[in-house]
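Q: One structure coming up, written as C-alpha cells, with questions to follow.
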Amino acid sequence: MVDERKDGSYGTPQKYDPAFRGPIYNRGCTDIICCVFLFLAIVGYVAVGIIAWTHGDPRKVIYPTDSRGQFCGQKGTKNENKPFLFYFNIVKCASPLVLLEFQCPTPQICVEKCPSRYLTYLNAHASEDFEYYKQYCLPGFQKNKGVAEVLRDGDCPAVLIPSKPFAQRCFPAVHAHKGILMVGNETTYEDGLGSRKNITELVEGAKKASGILEARQLAMRIFEDYTVSWYWIIIGLIIAMVLSLLFIILLRFLAGIMVWVMIVMVILVLGYAGILHCYMEYARLRGEAGSDVSLVDLGFQTDFRVYLHLRQTWVAFMIILSIVEVIIILLLIFLRKRILIAIALIKEASRAVGYVMCSLLYPLVTFFLLCLCIAYWASTAIFLSTSNEAVYKIFNETSCPVAGKTCNPETFPSSNESRLCPGAHCQFAFYGGESTYHRALLGLQIFNVFMFFWLANFVLALGQVTLAGAFASYYWAMNKPDDLPAFPLFSAFGRALRYHTGSLAFGSLLLAIVQVIRVILEYLDQRLKAAENKFAKFLMSCLKCCFWCLEKFIKFLNRNAYIMIAIYGTNFCTSARNAFFLLMRNIIRVAVLDKVTDFLFLLGKLLIVGSVGILAFFFFTHRIRIVQDTAPSLNYYWVPVVTVVIGSYLIAHGFFSVYGMCVDTLFLCFLEDLERNDGTPERPYFMSLTLKKILNKTNKRQAEA
C-alpha cells in the first residue's frame with residue numbers, strides 16, 4: 001500500500017530545530033487585530049446589555065400585564081385585587097409571534113378570577129348575565145353601545161370559555177369544549193357583527209393554548225419527584241464520574257484487547273451471521289416452487305419481501321458480503337501497523353492524563369464559562385424582547401385625518417385628536433415601538449445571537465489550546481515525567497490568554513459566522529415549508545447541507561490549528577495551514593486513528609451510560625435495595641432515571657473530550673517527531689518505547705547502551 005505522501009504536495013515537513021523541546025515559551029502575541037475586534041465586540045455587547053436592561057422589563061414574562069402595560073395583582077396598583085390575566089381572543093396567543101415578542105396580539109385585562117362558564121356577549125347583552133360578563137370587558141365599559149359596536153371596538157370579548165389559571169393567566173380548560181357543545185345544543189354562536197361562527201373552530205384554536213394546563217399537574221409531580229430523589233441522582237452522577245475515570249485508566253491496559261476483539265467480532269458476524277445465513281437460506285429454497293425465478297424476470301416490486309423468496313437474491317447477498325469480508329481482511333493486513341500505532345497512542349494518552357490529572361477537572365471551567373455566556377445571552381434576549389411597549393392607535397369608522405396615528409388612552413378624551421374626530425377611539429394596537437431603539441430591536445437580537453456563538457466558541461477554543469499545551473509538554477519531555485513542567489495546565493492556560501487571545505478569537509469568529517448563517521437558513525426553511533416552490537426547497541436543502549459540512553470542516557481545522565498554536569505559538573492561519581498539511585501527509589494514519597478512537601469512545605459512553613442507567617432503573621423501580629426501603633416513592637420513576645442517564649452521558653462526554661484532545665495532541669506531536677528527528681544523539685525521538693518498537697525506530701545512544 002502506498003505510504004503517506006512525502007513529495008511536497010502538501011507542504012514541507014518541519015525542519016530540525018536543536019532548540020525545540022516542546023511548547024515554545026518565548027513567543028509573541030498573535031492575530032492582534034482579531035483580539036482588538038473581540039474586545040470592541042465585547043464592549044458593544046455589554047453596551048447592548050445595558051441598553052436592554054434599561055428599557056426591558058422581564059416582569060412582563062414572569063408576571064402578566066394588561067394591554068396598558070399594568071401588572072396584574074401587584075401591590076400598590078389599581079389591579080392589586082385582580083391577579084389573573086384574561087385574553088379576549090386566546091387563539092391569537094398560538095401565533096409564533098408570541099415566542100419573539102412575549103406578548104399576545106389581542107386585548108388583555110386583569111380579572112379577579114377566570115371565567116367559569118360558557119357565555120357569548122350576544123346572549124349576555126340582554127340578560128341578567130350581563131353583570132357577570134361585564135367584569136371581562138375593558139375597565140370603565142358602560143352598556144351604551146350596540147352589540148356590533150362593542151365587538152367592533154374591542155370593548156368586550158365575543159365569547160367567554162371556561163378557563164383555569166396557570167402562571168396567573170387564564171387558559172381554556174382542557175375539557176371545556178365538551179360543556180360548550182352542550183350549552184343550548186348549539187354548535188355556532190353569533191359574533192354580533194352579522195355572522196355566525198362555528199364554535200368547534202374556536203375551541204380547536206383555544207386547545208392549542210390549553211395544552212399548558214395538562215403540563216401544570218405533570219410539572220408539579222416531576223418537581224415533587226426531584227425533591228425526594230435529588231440526593232440519589234447526585235450519587236448516580238458520582239458513580240458515572242468514577243466509572244469514566246476508571247475507563248480512562250483501564251484504556252492503558254485494555255485498549256488493544258478491545259480494538260482487536262471488535263475487529264474479530266466484525267469478521268465473525270459478517271462470516272457467520274452474514275455469509276453462512278445467506279447460504280442456509282439459499283439451500284432452504286432449493287426445490288421450492290418459484291424460487292428459481294430470476295430478478296430480471298421478476299422486475300421491480302413494491303413489496304420487497306417478495307425478493308427474499310428467490311434463490312438468486314441470497315446468492316447476490318453472499319457475493320456482496322464475501323467481497324466486503326475480503327476487503328476488510330485485506331485492509332487489516334495492510335493497515336495492521338497503523339492500527340497498532342493508534343492503539344499505542346491511545347495507551348500513551350492514558351498515561352499522559354494520569355500525569356496531568358488536573359486536566360480532568362478543566363471541563364468544569366469550560367462548563368462554568370459556557371454557563372456565563374448562556375446566562376448573559378438569555379437575560380439580554382429576554383430584556384430585549386420585553387423592551388416593547390403597548391402601542392395605541394386611533395380607530396374610527398369614517399374617514400378621519402388622524403386615524404392610524406398613535407395616541408395615549410389616558411389623555412385621548414381631552415386631546416385635539418378627539419375633537420377632530422368625535423367618534424374615534426384610542427385602542428390597543430400591538431406591542432412594539434416607533435423609536436429608533438425599537439426599530440433596531442431585531443438587529444440587536446441578531447447581534448446578541450452572534451456574540452453568543454462567538455464567545456461560546458472562544459471558550460471552547462480556550463479549553464482546547466490549554467489542554468493541547470499541557471499534553472504537548474508531556475510528549476516533548478524526554479524523561480517522563482521528570483522533565484514535565486511543574487504546572488503544565490496552568491502554564492498552558494496562561495500562555496493561551498496572554499499570547500493567543502487574537503488567534504482564538506479568529507478561529508471562533510469563523511465558526512460563529514457559519515453557525516449564524518445556519519440559524520438564518522433554518523429560519524428561512526421554516527418560512528418556506530408552506531410554500532409550493534420545489535426549487536426553493538431544493539436550494540435551501542443544498543445550502544443547509546453545504547453549510548453543515550463547512551461547519552464540521554472548520555471545527556476539525558480549528559481543533560488541529562489550536563494544537564499547533566499551543567506548541568509553536570504561531571498565528572491562526574499559519575497554524576491551520578501547517579496542521580492541515582501535516583495531516584494530509586499522513587492521511588491514512590489520521591483515518592485509522594480517528595475510527596479507532598471513535599469506537600473506543602462510543603464503547604466507553606455506552607458502557608458508562610448503560611451501566612448507570614440500568615442501575616438507576618432497578619433502584620428507582622424498587623427491584624434492588626441497598627438497605628431496607630431506601631428508594632423513594634415517586635410519581636414517575638423515569639424522572640430520576642432519565643436525569644441520571646443524561647447527566648452520566650454529559651459527565652462521560654466531558655471526561656472523553658479531555659481524553660480525545662490528549663489523543664489528537666499526542667498524534668500531531670508524534671507526526672512532528674517523525675519528521676523532525678531521526679534517532680541520532682543530536683536528533684533523538686521523543687516517542688514512547690512502544691511506538692519506537694512498532695515503527696522499528698531507536699535512539700542510537702539508547703541502542704548502543
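Using N, Cα and C of the backbone, Cβ positions are placed for all residues, glycine too.
Whatever TrEMBL says is automated annotation, not expert-curated.
Since we're looking at a predicted model, the values are computed, not measured.
Sharing the features that TrEMBL gives for it:
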TRANSMEM  30-53  transmembrane segment
TRANSMEM  230-251  transmembrane segment
TRANSMEM  257-279  transmembrane segment
TRANSMEM  314-334  transmembrane segment
TRANSMEM  354-378  transmembrane segment
TRANSMEM  449-477  transmembrane segment
TRANSMEM  497-521  transmembrane segment
TRANSMEM  561-580  transmembrane segment
TRANSMEM  600-622  transmembrane segment
TRANSMEM  634-656  transmembrane segment
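Just tell me what is around each of these and how deep it sits.
A: The list of residues near the transmembrane segment (314-334) in space but at least 6 beyond its ends in sequence, with Cβ under 8 angstroms from a Cβ of it, reads 1, 263, 266-267, 270-271, 274-275, 278-279, 281-282, 285, 295.
Same-chain residues lying 6 or more positions outside the transmembrane segment (354-378) and placing a CB less than 8 Å from one of its CB atoms are 49, 245, 248-249, 252, 448-449, 451-452, 455-456, 459-460, 462-463, 466-467, 470-471, 474, 480-481, 484, 488-489, 654-655, 657-658, 662.
For the transmembrane segment (497-521), the list of distant contacts is 27-38, 446, 449-450, 453-455, 457-458, 460-462, 465, 540, 543-544, 547-548, 550-551, 554-555, 558, 561-562, 565, 569, 571-573, 575-576: same-chain residues at least six beyond its ends, Cβ to Cβ under 8 Å.
With a cut-off of 8 Å between Cβ atoms, the residues of this chain six or more beyond the transmembrane segment (561-580) that come close are 10-11, 14, 22-24, 27-28, 30-31, 34, 461, 464-466, 468-469, 472, 492, 495-496, 499-500, 502-504, 506-507, 664-665, 668-669, 672.
Here the transmembrane segment (600-622) has Cβ contacts under 8 Å with residues 229, 232, 236, 239-240, 243-244, 247, 251, 255, 258-259, 262, 346, 631-632, 634, 637, 640-641, 644-645, 648-649, 651-653, 656, 659-660 of the same chain, all six or more residues outside its ends.
Under 8 Å from some Cβ of the transmembrane segment (634-656) lie the Cβ atoms of residues 221-222, 224-226, 228-229, 232-233, 236-237, 240-241, 243-245, 247-248, 360, 363, 367, 601, 604-605, 608-609, 612-613, 616-617, 620-621, all in the same chain and six or more residues away from its ends.
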Q: Residue list, the transmembrane segment (30-53) vs rest of chain: Cβ under 8 Å, 6 or more residues beyond ends.
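A: Distant Cβ neighbours of the transmembrane segment (30-53) are 376, 379-380, 383-384, 387, 437, 444, 447-448, 451, 454-455, 458, 499-503, 505-506, 509, 565, 569-572.
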